[in-house]
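Enquirer: Supplied in structure tokens, the structure appears directly below.
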Amino acid sequence: MEKNYSLPADHDLFPEGAQRCSLLKFMIWMGLVGVVAAWGLYAAYKVLSTGLGVTGLDDYFGFGLWITFDLAVIALGAGAFFTGLLRYILNIDPLKNIINLTVIVGFICYSGAMLILVLDVGQPIRAWFGYWHANVHSMLTEVIFCITCYLIVLIIEYVPLILEQKQLNRNPLLHHIAHNLHVMMPLFAGIGAFLSTFHQGSLGGMYGVLFARPYVFREGFFVWPWTFFLFVISAVGSGPVFTVLIATIMEKMTGKKLVSWEIKSLMGKIAGSMLFVYLIFKFMDTYGWINTILPNAGLTFEQNFYGNIYGQWLLWTELGLCGVLPCIILLVPSLRNNPALFYSAALLDCIGVTINRYVFTVQALAMPVMPFDSWETYAPNWAEWGSSALVVAYGAIVLSLSYRYLPVFPQEKKLNATKA
Amino acid sequence: MQVKEFKVKWGMAIDIDKCTGCGACMVACQAENNLSPIEDASNKIKVMNWLVVYELSNKKPFPEHDVAYLPRPCQQCGTPPCVSVCPVIATDKNEEGGIVSQIYPRCIGCRYCMAACPYHARYFNWLDPVWPEGMEKALTPDVSVRPRGVVEKCTFCHHRFMQAKDKAIVEGRDPEALADGDYVTSCTEACPNGAIVFGDLNNPDHQVYHLARSKYASRLLERLHADTQVYYISRREWVRRQLDNYLDNEKVKG
């Protein structure tokens, strides 16, 4: 067969009928990402070799950027389990056009969170103690169980997509494995939904059970504080639009249409509906917190805020600008179908959930509980930023490779053919 | 939440009005419990101190200005916020005496217990412990040193508890019924003013039993229901008011 030298050198590996940029361009992009990753690897090396003393964490802020980053990416990665639930269990068929991306984003978010935890935990070699010496009363044990199991589920969901790579799929064994895994996918989607619901919840529960920290303490239902449910709903209220934002960024970078507007709009509508439910409960929770938890602890609402860094503006931004506003835009069809408004709402929604995770992690620790103690402030240093950037770079590498070589977007061929 | 009750409950009564803030308790604690000095101690919330002396102020201008000093060891809570959250049971409250334990070889260093503790009584080993040459010879042999990456805290000098029990056994006494003064912490011993009194909160033969029942005695953050085993005594109302959070219309205890 005659070679076509106008095609990229690795074009044989591309998904069927897909066009990709030249290998050189791709390598330059990967090189740029690699520089960020190298900086992050250096930070990670310093943390592991010297100890957590090289970070900006201290005895008041045992949790900082890393835990905020973890909670945020896990919430935003919720698009994977929730879309899986809707697609495979509730049979909302159009979601098949974005499900692959949600799985990859979910995989990146969860495996990235694990990478961060390896650094954040003082004795990473003892991480398996979470299983061996499990304290069943600890919300963190539930997190360890569900997060590790769910990552395995995400790998199982990701594997068939890898095996569907054009060249790999020619191998009959790999082809059949991929096929059979697809057949079993509703089962894994169900397990994933169960596990993910519980650990999203237990991440919230982790804070809600801290009865000696009035800023985060919440009453609840059975063993679960209200934050358990709030974290689940806020995750499903933002995860779907985060996936849409990722898809859109990929579209801008590649210059191709990857997901149709109808699907994006549907994801927005799903997120908006869940955000609406979340906001109802969040406002009720905030009201209950102000009128019950705080007075019982002898505190006023104002005492929970400090200066600009931990000011009330964070709460109002989270609830209003990044809560009510995106919810309205995502729920009203005429607003939702305006792309500029839609993407702004999606972004605000994701920022809102990130602020929520940040204040629960950092502001809760900054606030003095002993009356003679003082507010402390926390700023992450280069080691924390660097290793967080490593995870972002890692995500970019996985997504770039997946996009280039795997059939991630079922609509890609059709959407771009129409355009041409 | 259920408070775990013990026959013997080791506790402290700290008379804030007697404390001058000299810091001898902090030094004694550091030396006794093998806390390594750190090179840069400029960030005070990154320095290991199992016991910290806080300065309290009534925030009034002269001549009404007044200060007080409050030594804060681990409060050995009856319902410890730190114990239930630990994912690996590296900290527990299940030994007679009610001291909250910390198992260093079990701790994974997640620092969830530190987030849970409102007293900031828990400390993390941010770096490898290093002692200046020669100083390692002065380490207390009964206290294990801790590696980097684990959390530690005041143990009420638990090794002294073990020694007191051993001594009682050797002398043919009941190790579960130690007399007042048989077992005291190093901070108690070091305090020049006798501001810290240590003993069994359940035993009327111990001085601390009576001090803890004084009308001027209260515990830190009582309304959070951690049911601590450290009592603070002050005859000054403004000091007692700073031991817990009060709304403007609420009256202070005592």
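Just so it is clear, glycine is given a Cβ too, placed from its N, Cα and C backbone atoms.
Just so it is clear, the model here is predicted, and its values are computed rather than measured.
Sharing the record's features from TrEMBL:
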| type | residues | note |
| --- | --- | --- |
| TRANSMEM | A:26-45 | transmembrane segment |
| TRANSMEM | A:65-86 | transmembrane segment |
| TRANSMEM | A:98-119 | transmembrane segment |
| TRANSMEM | A:139-163 | transmembrane segment |
| TRANSMEM | A:183-203 | transmembrane segment |
| TRANSMEM | A:223-249 | transmembrane segment |
| TRANSMEM | A:310-333 | transmembrane segment |
| TRANSMEM | A:340-365 | transmembrane segment |
| TRANSMEM | A:385-406 | transmembrane segment |
Enquirer: Return yes if the transmembrane segment (A:183-203) and the transmembrane segment (A:65-86) have at least 3 CB pairs under 8 Å (sequence gap of 6 or more), otherwise no.
Expert: yes
Enquirer: Do any residues, 6 or more residues outside the transmembrane segment (A:98-119), come within under 8 Å Cβ-to-Cβ of it, and if so which ones?
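Expert: Counting only partners 6 or more residues beyond its ends, the transmembrane segment (A:98-119) has Cβ contacts under 8 Å with 44, 47-48, 66, 69-70, 73-74, 76-81, 83-84, 87, 127, 147-148, 150-151, 154-155, 157-158, 161, 239-240, 242-244, 246-247, 259, 263, 267, 387-388, 390-392, 394-395, 398-399, 402, 406-410.
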Enquirer: State, in range form, which of A:65-86, A:310-333, A:340-365 has the highest count of Cβ pairs under 8 Å to the transmembrane segment (A:223-249).
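Expert: Top-ranked stretch among A:65-86, A:310-333, A:340-365: A:65-86.
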